[in-house]
C-alpha cells in the first residue's frame, strides 16, 4: 500500500512539473493576447534591436515612456530583442506562433522576405487617414526606397545610416595634402591613398566582412546603377560596370597596394582608422559618434568618391507592423510610429545616437541645427543622401545576399576573377529568384 | 646474497617520525614477519626496503651492499601488494609475465617459467582470463605467481591476505609458507594479524609507533614478551595482566592488597615497586581436588562468564580490578557465580615493570 | 500469477519513475527530430507560402550545392584538426598536472581556465589576437621578423586559426576528465611496475594509456560532436567567411534556416548532421568498445 502511495506521489510530482511549465507559458501568452480588451487600455508589444554601441535601450525605453504619458489609453512595452538577426528570428517565430508583435524595428532590407511570409501590413491606409502623403514625402527618398513596392509603403524609416568616407586630416597634412579637400573621384582616391601610405599605415580600408555586399553596392552605385530592381525580383551582378567596380576594389590592394590584402574585418576597420593604421576608411555613419569620441587626431567626413557620379546605399532599420493583430492595436501602433518619427524626435534620436535623421524637417529643428553646427560631419551624411539609394534587398534576400558576399570575398581573397565570379553569381541568383518571377 | 640488513632506519614525514631507528638483520631464506597494530610503521618499513619510500636516515643493505640510492628494480626483490596490484586490462598470463617482458627476458624462458609457476599455484586454467573474472583467492595466487616468476631471492608481502575470508586466509597461510620454503626465498611479510605472524614466521618483529618492541622467534615472543604491549598484542585471548606490588624482603608479590605469591628472586628491584603480573590464559588451569599444589600458586575466583567453544572453554573471572580469561581444553560446564580455584605454574608468570612495562625477567632489548 | 503481478508492479514503478524524463525526452528531442525529418521532404521556403511535399528534392539540391560540400569538408578537416590534438594535449596536460609537485592547483586552474570562459568571449579575445597589424599575434610575428598575416581574412589561414583556438578552448575541459581518470588508477599498479623497473614510457604505454581508454573514448566522442556543435565563434569572428572558408555545417544550417528562411533545406541538412553524428557514435561504441577495458 505504501508503495502505491509513493509511486502516486512520484507521478503527481512529475505531472506538476510539466503542468507547472506549460501553465507558465500559457499565462504569459494569454496576457499578451488579452492586452487589448482589459479595461479599455491598449497594450502594445514593440520589438527592437540594438546594432550600435551606447545606451540605446535606455533611450528607447525613455521615448516609449514619454509616449505612454502622452497617451494614457495606450501602453507600449519595448522588448529588446538583440541584434537585427535575432530580432528577425524572434519576429518570425512570433508570426508563426500567431502572436506577432504589434510593432517592430527590423532591417529595411527584410521587406521582401516579410512580404513573402505574408507577415506585414501595408501602411497606406493609416497614412491616408493621417494627413496623407505629406508625412511620407518628408522622408529622404534614399531611405524610403527600401520601404515601397508597387507604390505601396510597408515600413517607416527609423534608425538609418549610410556609408561615408572618414579621413585623417593630420595624415593629410603630414603628406602635404589639403585636409579640407578629400578625394572626390576614384582616381583621386588611389592617388591620395598612395601618398598617404607608409610603413605601418595603409591609404584606405574598405571593410569586406559582414556587409561586403553593402560596400560593393556603394562602388556599383558610383559606377552607374544599383544591384537590383526596385521590386526585388531581379539582380544585375555581372554588368560591365559592376565588374569594373569590383576590379577597382581588388586593385586597391593587389595593384595599387594601398589597402591590406584579404578580408578586412568590419569591426576592425574603425579600430585601424582610430589607431592610425589607415588614413581613410569607408564605413557606416553609425560609427560617427564612436569616431568622434575616440579619435585622437583631427578627422573629416566626406562623400564617398565618385566614378560616374556620387553614390552610397542606405542601411539600417525601419518600423514594421504585422498582420493578425486587432484593429485597435494597429491604430495604436501607428500612433506610436508617428510619435517616434516626429521631426523633433527624429532630430533628438540622431543627436543621441549618431544615426542620420530620416526626415528633411528634422534638420529644421533647433537641436539638430546646433548639432550640425558643432559637428559639420553630420551634415555630410545628410547631403550625400541626395545620391542615396536603396540597400540591396530582394526576394529570398538572405540567400542572395550571402551568395553575393561569398562571391565578393572569393574575389577579394584572390580565389577567383571578378568577371567570372560575378557571372556565376548572377546565374545562381537568377535561380534563387526564379520562383518569384513566375 | 639474499640477506637484508636494516641499520637504524628512520622515516620522517616533515617533523613527524613514523619509523624510529629500526635495526635488524634478516637472514637468507628466512620468513620474517613485521607485525603490529595499524599505524605502527610496519608498512612504511617494508616500503623503504622495497625502495618505494625514501629512507630518511639509516642504512639498508641487501646482500651486504648499500641500497639506499638503488631504485626498486635494482634491489632484486619482488613484492605482493595488499590489493594485489593486478593490471585489470591484462590477462593473467600477461600480468604474470609483465615484469619479464619489461626486463626483456627471452621468450622461451618466459614460457617455461610461466608454465612452472602456473602449475605450482594451480592457475594454469586461468591464464587467459582477466582479473575481474577471478575470485579473491585466484587473484591472490596470480599476485603470488607474479612475485615468484621473477625469481628474485627476496619477496616482500604487504598484508597479502587481508582481503580474503577467514577460511581462505588459513589455507593461503600454509600455501605461502610452503612456497617460501620450497623456493628458499627470503620473505619479509607485513601483517597486523598476530596469528599470521605466529603461524608463519621464522622470526617476527613487533612494532609500535615506529619503535621496535621485540624481535624473536614466535614462541619466544609469545612466552617471554619483552613488554606489556607485546604481551597484550600476542595470543588470543591476549595475556591476562593485573597491577601488583613487589615485596623484596619476602621475595613475593602483593596482589590487590590481599594476595601474596612467592616468586623467584628478581635482583635489583626495590621493595614496594609497582609491577604488573601477566599470565597466558592457557597457563591458568582448574585446581582439581586431590591435586596437591602449593597454595600460593592458586587463586580463588568467582566465575563471571563461560564460553564453551567445543574443543576448549574460556572461563572469565576478575582478578583485582581486571577481567581475566582462562582457556581450558574440553568442555567445562561452569556456572556464573560459582567459586573455584585456578592454579598456575609460577615459571609461566611474567612480571612487568609497573612504570615502563618492561618484562623484568627478559633481558633482551 | 502472483509473481507476474509483482513483476508488473515493479515494472510499473520503474516506468512511473522514468515518466518525467521520458516525457521531456519525447517532447524536446524525439518529437522535434521526427518533425524535422518530415519537414525535410517538404519545400518550405520563402517562395512557397504553404509548405508542400517535394520528395527528396531537398536532398538532391543539397548534393548539388557546392556550399554544402564545402562546409562538410571544412567540418571534417575541423574535426581532424581539433579532435586528436585537443585530446592528446588534454592527456599530456593531465599527466603533467597530476605529477606536478608544486603549484598543482595553479597549473590545473591555468589549464582549465579557457573552458570556463564563454565561447563568445573566447572568440572576442582571439579576434583581437588574430587582428592584422596590431593584434597580439601580429606583434609576436614582428619580433620574429616575419611579415604580417591576415589570419581571418585569408582562405588558407582561417581554418588553422579556428582549429588552434578551439584546441586552446577545449583541451582544458578534456583534461578534467583525464585527471579524474588518472585518480581512478590505483597507485599500487605504478608501484608494482616500478618494482619491475618499467620505464615511464612503458608505464604510460602499457598501463596508464590502456586504463585511460574509457576516458579517451568518452572524450573523443565529446570532442567529435563538439567539432560539429561549436559554431558560436563563427558568429563573432568570420560569419563563415571568407567565402565559406571557415563555414561549418551547423552554422550553414543556421544560415539556411534563419537567414535564407529555407526550412525544408535546413531540415534536410539537420537530418544529415544527426545521421552523421549517430554513425560516428555507433562506430565508436560498437567498433572500438570491444577493445577497451572497463573497470
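Quick reminder: no glycine exception, Cβ is built from N, Cα and C everywhere.
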Range annotated as transmembrane segment in TrEMBL, from C:53-75, C:76-98: C:76-98
Of C:133-157, C:158-182, the range TrEMBL labels transmembrane segment: C:158-182
TrEMBL annotation of transmembrane segment - which of the ranges C:203-224, C:225-246 it falls on: C:203-224
Residues of the parent chain within Cβ reach of the transmembrane segment (C:12-34), under 8 Å, 6 or more residues beyond its termini: 274
Remote residues contacting the transmembrane segment (C:76-98) - C-beta distance under 8 A, at least 6 residues beyond either end: 104, 107-108, 111, 159-160, 162-163, 166-167, 170-175, 177-179, 181-183, 204, 208, 212, 216, 219-220, 223-224, 226-228, 248
Distant-in-sequence neighbours of the transmembrane segment (C:158-182), which means Cβ under 8 A and at least six residues beyond its ends: 74, 77-78, 81-82, 85-87, 89-91, 93-95, 97-98, 108, 111-115, 117, 119, 122-123, 126, 130, 151-152, 208, 211-212, 214-215, 218-219, 222-223, 226-227, 230, 233, 237-238, 241-242, 245-246
